[in-house]
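This report refers to the structure that appears directly beneath it.
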Amino acid sequence: MNGGHIQLIIGPMFSGKSTELIRRVRRYQIAQYKCITIKYTNDTRYGTGLWTHDKHNFSAMETTKLLNIIDAVTDFSVIGIDEGQFFPDIVEFCEYMANNGKIVIVAALDGTFQRKPFTTISNLIPLSEMVVKLTAVCMKCFKEASFSKRLGTETEIEIIGGEDMYQSVCRKCYINE
């Protein structure tokens, strides 16, 4: 075995996926691994770099297509990817990198605001050595929340936003609203 593998962190909005991604990458940095994080270019909510919802920042390379940056990340042992659901080539990239000895850590939503799967992330699950599903706190009743609910009426899947546009909700509150 070449040591390469895929770790997948999934869950709804506000469940701490980006925070967990940063935590894992930092641990590898402490262990002297050469690490890089990648964020989706169109995610400009808080500025440059990778941001958590509680405003912690971590430097990150930006792209909209992962396969375009293969040469730029070849020298790194650990590759962290935030907002993985937005990359159309996430499956091919992760599989290629893991097969070539890289540790790939992906943080992604597992479902849309309509509770439909992000197909690329669903396809990444059977290729991953480790899958963790995080939960958030329901912003209505304060119980465990597994779903993201959009506050507006837009129907497009890719609308990037924070608490101004989305809430984490439990099943009961998702259905009753």
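Yeah, the Cβs are placed from backbone N, Cα and C, and that goes for glycine too.
Taken from Swiss-Prot as is:
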{"type": "ACT_SITE", "residues": "GLU83", "note": "active site, proton acceptor"}
{"type": "BINDING", "residues": "GLY11, PRO12, MET13, PHE14, SER15, GLY16, LYS17, SER18", "note": "ATP binding site"}
{"type": "BINDING", "residues": "PHE113, ILE157, GLU158, ILE159, ILE160, GLY161", "note": "substrate binding site"}
{"type": "BINDING", "residues": "CYS138, CYS141, CYS170, CYS173", "note": "Zn(2+) binding site"}
Going by a 10 angstroms cut-off between Cβ atoms, which of the binding-site residues MET13, CYS138, CYS173 has the sparsest surroundings?
CYS173
For the recorded Zn(2+) site formed by CYS138, CYS141, CYS170, CYS173, name the remaining residues of the chain with Cβ within 8 Å of the site's Cβ center, in chain order.
MET139, LYS140, PHE142, LYS143, ALA145, VAL169, ARG171, LYS172, TYR174
Over all shown protein chains, what is the count of other CB atoms within 10 A of the CB belonging to PHE113 (substrate binding site)?
22
State the Cα to Cα distance, in Å, between GLU83 (active site, proton acceptor) and CYS138 (Zn(2+) binding site), rounded to an integer.
21
By a simple count of other Cβ atoms within 10 Å, which of SER15, SER18, the binding-site residues in the record, is least packed?
SER18
Largest tally of Cβ atoms lying within 10 Å of a Cβ, found at which of the binding-site residues CYS141, CYS170:
CYS170
Cα-Cα distance linking MET13 (ATP binding site) and CYS138 (Zn(2+) binding site), given in Å to the nearest integer:
10
With a 10 Å radius around each C-beta, find which of these binding-site residues (GLY11, PRO12, GLY16) has the fewest other C-beta atoms nearby.
GLY16
When you rank CYS141, CYS170, CYS173 by Cα distance to PHE14 (ATP binding site), which of the binding-site residues ends up on top as the closest?
CYS170
Roughly how many Å separate the Cα of SER18 (ATP binding site) from that of PHE113 (substrate binding site), to the nearest whole number?
18
